[in-house]
Amino acid sequence: MSAAPPPSIYTESFSTSSNNTTESESINVEETRENILSGFSFEEYFQVSESISVIIKNNFKKIALQLPDYLLWASSELSNKIQNSVPLEYGIKVFILGDTSYGSCCVDEVTSSHLKSDFIIHYGHSCLSPSSKIPVQYVFGKKKNFNVDKFSIELNKLVESKKEENFVIFYDLLYHHNRDSIENLYKNNDNIIVTNINNFNNIYLNNSFKNNKLNETQNCNNNYNNDCCGSDNNNNNNDSGCCGGNNNNNNNNSGCCQSQSQQQQQQNDCCQQKLNNEINNENDNNNEELISGRKIEFKNEKDIKKFNFIWIGEESLTLTNLLMNFNQQMVYRYYIDDNKLLQETLPRNKSLMRRYHISEKCKDASIIGIVVSTLSVQKYSETIDGLKKLIIASGKKPYVFVVGRLNVPKLANFSEIDIYVIVACHENTMVDSKDFYKPIATPFELNLSLRNEKWTGEYITDFGRVFPKLIKDLSFDEDDENKCEIPEDQVEDDQGNIHHFSLVTGRIVIQNKNQSTLQQQQQQQQTQQSGDLISVNNQFKQVSLVGEHLSNKTYKGLDMRIGETPVTTAIEGMSGIPKNYNTDKNNL
């Protein structure tokens, strides 16, 4: 076999810190390679043969390899192995995604779509959030320091001391290759469940991508224009639609290859079936539950709240999320190096109190910024729309920010924002850093505060689970005046202002609850059409509010002092660089 051409390289900024500052670091590749592979061969650790088999089986053409910073040393060798191992007649092209627009745990569908890739191989740690567009294979890596027999001895001691109690075993992704060994030990024990993780995402598993690939190849049997789904030319002999649906009647048009009216009429047939395959994240099977991307298959007891959790691995964001989301349950952690199974004593109460404090700040905020930190997780767009409607219904103003990877300088540019709410994957949704000038809330916290609901101790980091609560009882009709009731701890005066006692500052906070922008536009259009007189009271009220807001600002910009600055002749300034000016005393 002749050597294949070298792979195309596509990389973004290789920043090595969370704030995207580029730092030059010398890396010992051999030492890094030895530490990460930890006794496995290169092919075993990166599962090269499995990836090649999937590529050939599904006839993928453009493959994107997404690697985190700590695995970039393997990018060239990895891409060459895949490129050279697939026969030339398949005509594959391999790209390397060196860094992501957001967190490295999320699949970078944005960059991959720019490359028009049809398959992504995600290496390293993953949040396992459901995707919406492209099939993905997860390669987690491996570690050899876990001994299944030693773990079973410690677990048996715990189970013996806590009879009649149920346990669910979670594990770090690096120990996924040990999962079957653990399952074989406890498959006959109804009180112990071992979670399972699939190495492929939801798009690959439901095979929805195959319909798209089939139709791209067939191009609707070449009987339609190139823009098949938008074409008005219909062929009565074709029973195959662009959405992959089949019509039992060969004389009828099907799928998307119809006129605009026919597309609208049959949207719930072919196209809607494809849509449900892509964005449905709910599990209709009562015997299963999905937690942090891990599937739990229940045996007897089906209430997850009646289980204790066991975590195998080091401290991680996944463990933190389990502790926060299931704060009423016992969580045990197996310390691999010490061979001990101990109850995890993370100060959950303190963390929950901090999150409740941020939730109270949401009530005091007048302007709320929605920070988008993912463009690939399912229902992110619907969640943003729901947050905007909830904020507007509460008499506040929402602004949406897409700033890429989150850091302090980016958000510091928007001083008018009172508080931010972040839409991110469940592992990156809690931002507890004190470096940010304004607090960052989660969709769950914002929904809890703006609806003035009593907090029961429940906490949800996955906005996919928050979304049904977000749109619950929320009117989508902007003309509905009763869509947002005044909470019990707030009072509305004659001018429409809401008086709220802040538990954070201990003061009365006054917020103006004016009509939404959409309502004002609709009323203005109706007034212009009817020719009635226009009231300008609201306009003066808006000007008054803006003036009051500016008067409370401590910094109002540079003072021009026109006509007050004395005129002087030009003088010699400083020369050199900021590190060492020529006019410094040490250089004289």
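Cβ from N, Cα, C; glycine included.
The [4Fe-4S] cluster binding site annotation in Swiss-Prot covers Cys106, Cys127, Cys425. Proximity of Cys425 ([4Fe-4S] cluster binding site) to non-local residues of its own chain (separation of 6 or more, Cβ distance below 8 Å) is seen for Gly103, Cys105, Cys106, Cys127, Ser129, Ser373, Thr374, Val377, given in sequence order.
Marked as compositional bias 'Low complexity' by Swiss-Prot: 11-28.
Marked as region 'Disordered' by Swiss-Prot: 1-28.
Most buried of the binding-site residues Cys106, Cys127, judged by other Cβ atoms within 10 Å, is Cys106. DSSP assigns Cys106 ([4Fe-4S] cluster binding site) to coil in the three-state reduction, placing it in neither a helix nor a strand.
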